[in-house]
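Please read the structure below before turning to the comments.
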Amino acid sequence: MTEKEKAEEKGKNPKIDDLYMNTEDGSGEAMTTNQGLKINDDQNSLTAGERGPTLLEDFHFREKMTHFDHERIPERIVHARGAGAHGYFESYGDLSEFTKAGFLGKKGKKTPVFTRFSTVAGFKGSTDLARDVRGFAVKFYTEEGIYDLVGNNMPVFFIQDAMKFPDLIHAVKPEQHNEIPQAASAHDTFWDFISLMPESMHMVMWAMSDRAIPRSLSMMEGFGVHTYRFVNAQGESFFVKFHWKPVAGTYSVTWDEAQKISGQDPDFHRRDLWNAIENGNFPEWEFGVQIVEEKDEHKFDFDLLDPTKLIPEELVPVKLIGKMVLDRNPDNFFAETEQVAFHPGHVVPGIDFTNDPLLQGRLFSYTDTQLSRLGGPNFHEIPINRSIAPVHNNQRGGISRQTINKGQSSYHPNSIGGGCPFQAKMAEGGFTSHHERIDGHKIRTRSSSFLDHFSQAKLFFESQTKVEQEHIVEALRFELGKVMTEDIRMRMVGMLSYINDDLAKDVAEGLGIKAINKPKDPLNHSFPADADPKDYQPKEVKKSIEKSPKLSLMASPGKGIKGRSIAVLADDGVDAKSLESYKKALTQEGADVKIISTHSGSINDSNGNSIKVDHSFLTTASVLFDAVFVPEGVKSVDTLHKNPDAIRFVDESYKHYKFIAINGDAEQVWDMTYASRNPKPKGVLFNQDPKAFIDAVSQHRIWEREDAKRIPV
Ligand code: HDE
């Protein structure tokens, strides 16, 4: 960004203005050492003679190499791979009845945010399309300090107590002896642990569903997972669950695509987010809350403090209270996306915690982990983590301290410093914890209200559409098929039979398991050594709801085709009118249209105009697109219909339930496909106008295409 552009941006987003203090731009400037000394030769070391050894005196070489040697920091132990963006949150209106949080205050109030999305299990360099949970962490730079909502794209979690987190992560990460497999839960240690942990079954249903392979980061929901508290100015508290609802709708890819995308473009999600922002198609989410009054804490058939449970939207509707727009890519990945440090304990007045034992453990872990990741206690001073609200306290020193604290005293109370910095009264914005009455014994146990492990797993599975249920079965067949230990597979299938008999049967069939052993006590292995295992076994409770249609991805479609990528297969001689009319209409609707041809460079259309080729069949693949269009044109069609890559492109799109538009003589290309054996192919539009194609693509996929699976590509 030029200085002029920077100047123009000033004043729009206070956090971006704040970051400019640390932003460097070398354009038009001389190269210097870190000490500001202008460098004359950055190519050659200082040596004794033309062919002689390098001299220790070469401070420039030493500085350059030393810095390089220390460029890396430890990657996050979980959520290592991620992508982030800046933006803003805008409040829809006054929420003071429930919370005094200022950023949720008056209508139209804008707060800068930085949001980082991530996968959980893979290393920093792994693929975006792993079957995995996605992190959805939002840092609000509010006027009252930083508020972090560190959530996931699934509303529940695998375990109920933070004590089990290191075990869960050791089980899912690559196995300790050989560090295999990368970014995958499909291996023995993960399923060994899960098969002994019935509390994980609800989350397993989510993780095996299409939610784990989103089409785009901007097409997934986000959830705070835990029940938090809102507190209003009168000190009244409400339980609250947080939701992010993508304006673009919720969509996924198929597992076959996910695996192929991982090879074709491991940066698929990261690139999609980057390009959307660069193209001005800013991803948006609405922010929603489910609010439960304190008096209703025990009215549900599950415990609000249990993070393996959600509140069905049919029981407590989601109230939309604001919108987040991501409109600016970071300037530097390391400085911003890598160094950003989230912590569920970063709250502002009006937001507080519950006693969810998973949340309580997280409140310790996040600051602790930054100490080794970011090298010490001053990570809050790193520009991306810096609050835009002023920071004053008596913390001093520590590695890489940036702040120059003035004055003689660094303690409280003091008289030398006039008693400053002083404690703020509540009316001045001072944070006070909610006055919750706590009365109990000091014990290590799991509340018996946490023992219903299957009802919501069942509710989730049975609320999915048929297609989604099939995908869950296929995912489990894949994952358990990769498990080498027979006993683990058997145990898992037995566990599934507590969720749904057909599910267990279908998975068993795929694994060649003839008889399902429904495991008996102890089904749960998570209890103290001296306890009676019987006290810890899953208990079924009466369900207050049989189905929750909102749990299906298909319940939240978006509108239009903004952000979709459309492949146009063309070669020399492509009909100018056919190509242009489609391209124009699709682009106008916000789609990203790419011309794909037999070679890179350019092609000539039927009018002799040169058209830039975006990709050749060598540099792209159908799995990177949402739909495909083959325009007419005698010469173009003649070339394409003889090209096996073009035919495979169309067949593979068909296999993945994508809409296909074929114009005029391009039917010759279609006729060469395997898919054309079906005389009435669903979702293939012959000679239709662009509008019909746009309407079709806005549905995302044509799941009713029964023969899609039969395509042998
Ligand atoms: Fe995290 N988690 N987590 N987690 N988590 C981290 O913190 C942890 C959990 C989540 O983009 C770590 O800074 C414990 C639930 C996100 O930088 C670490 C437990 C949810 C991110 C950590 C959980 C999350 C993290 C690693 C169980 C959804 C990435 C690096 C008690 C509500 C944030 C770091 C980013 C990252 C601990 C469970 C979300 C180790 C102990 C549940 C989105 O502190």
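Every residue, even glycine, has its Cβ placed from backbone N, Cα and C.
These features come from TrEMBL:
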ACT_SITE  H79  active site
ACT_SITE  N152  active site
BINDING   R76, R116, F165, R362, Y366, R373  heme binding site
COMPBIAS  1-18  compositional bias 'Basic and acidic residues'
COMPBIAS  30-47  compositional bias 'Polar residues'
DOMAIN    32-420  domain 'Catalase core'
REGION    1-49  region 'Disordered'
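Straight-line distance linking the Cα atoms of R373 (heme binding site) and N152 (active site), rounded to a whole number, equals 21 Å. In the three-state DSSP assignment, the secondary structure recorded for R76 (heme binding site) is coil.
Rounded to a whole value, the Cα-Cα separation of F165 (heme binding site) and H79 (active site) is 14 Å. Note: R76 (heme binding site) has non-local neighbours G82, S118, K124, T369, R373, i.e. same-chain residues 6+ apart with C-beta under 8 A of its own C-beta. Take the CB of R373 (heme binding site) and look out to 10 A: across all protein chains shown you find 16 other CB atoms. There are 17 other CB atoms within 10 A of the CB of F165 (heme binding site), with all protein chains counted. With N152 (active site) as the anchor, the candidate recorded positions are H79, R362, Y366, and the one with the nearest CA is H79. Counting only the Cα atoms, the space from H79 (active site) to Y366 (heme binding site) is about 12 angstrom. The Cβ of Y366 (heme binding site) lies under 8 Å from the Cβ of V150, A341, F342, H343, P344, G345, each of these being in the same chain and 6 or more residues away along the sequence.
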